[in-house]
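If you check TrEMBL, you get these features:
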type	residues	note
DOMAIN	2-135	domain 'EamA'
TRANSMEM	31-51	transmembrane segment
TRANSMEM	63-82	transmembrane segment
TRANSMEM	88-109	transmembrane segment
TRANSMEM	121-139	transmembrane segment
TRANSMEM	145-164	transmembrane segment
DOMAIN	145-277	domain 'EamA'
TRANSMEM	176-194	transmembrane segment
TRANSMEM	206-228	transmembrane segment
TRANSMEM	235-254	transmembrane segment
TRANSMEM	260-276	transmembrane segment
Amino acid sequence: MGGIVLCLVAAALLGIQMPLAKLAFEAGSDTISFSLFRSVMAVPVCFGLAAMQRYPLGIAKPARWGLLGIALGTAGLGFGYLGGVERIPASLAALIFYTYPLLVLIVGAVQARAIPGPKRIVAFILAFVGLAAVFGPNFGGIDPLGVGLCIFAAVCATVYFLCVPAASRYMPGLTLMAWTNVGVALLFIPALPANGFNLPQTGEGMAFFITAGTFYAVGMTCAFYGIAKCGSETSAMLFNFEPLSVLVVSAALLGEILTMGQYAGGVCVLIALILVSQRAAPKPPLPPTSDV
């Protein structure tokens, strides 16, 4: 039960940070500034927890390429997802971004040279019907750049999920998360001379900025412990709670009320994601090694 609660808390925190980030953007911040801030904020949290548990803090040589892929994927999904949230409703951004499990399924099927079973084919159909309902009648009013950024984020999330399993064989999860955020910060720093580090210009906006970054750091930490307790398959299903939290908070804080057809489409997408995430039985996570 504890692992389930941790996964749901992580999904909720990571989802809620998006509408909070959008409020910070409206107060004068931007995608690059917030992405850099939340990554820098997560580094000491992850390294501190790893040190408390006496995990090795260095980078294992066999994990270097995987870590690079994880950092690139994390930076790309953060830039794309947050950039999409700047341009389109956060609820729509979440629904587009959460097509990434379907992309993972497609890549996995190609790699395994196996045709998905009937349940997953149904999931594909539900997802496409759902997305059609979400975009169908109002597509002309949606910023195409925002949609494209969210699709880019979904592709980067796919890269992330493909790289994590291999790297996790050689490094503890907290250490991997810490170095991932170091890499993400280093990737965003070169953009500062042109973009600047833009903080919100109001006290309320600054509160949203700091709260969103805190939710990211705490959410990622809860995710690590939740996945360790539940296993990857069960936790993946539980993380489908994230877009629901975005929809609810966006309606409450941003007034982003979608049509009933769009909400129904979102439900179809979520059902599809749950079907995709389900497996016969969860496998235990691989234990961390000390090959550093």
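Numbers run from 1 along the shown chain.
Any Cβ shown, glycine's included, is placed from N, Cα and C.
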Contact set, same chain, for the transmembrane segment (176-194): CB under 8 Å, 6 or more residues outside the stretch: 32, 35-36, 39-40, 42-43, 46-47, 50, 57, 59, 63, 67-68, 70-72, 74-75, 78-79, 164, 167-168, 220-221, 224
Candidates 63-82, 206-228, 235-254; stretch with most C-beta pairs under 8 Å toward the transmembrane segment (31-51): 206-228
For the transmembrane segment (63-82), sequence-distant contacts whose Cβ falls under 8 Å of one of its Cβ atoms, 6 or more beyond its ends: 18, 21, 31-32, 34-35, 38-39, 93, 97, 149-164, 166-167, 169-171, 176, 179-184, 187-188
Beyond the flanks of the transmembrane segment (235-254) by 6 or more, those residues with Cβ under 8 Å of it: 3-4, 7-8, 10-12, 14-16, 18-20, 22-23, 89-91, 93-95, 97-98, 101, 223, 226-227, 263, 266, 269-270, 273-274, 277-278
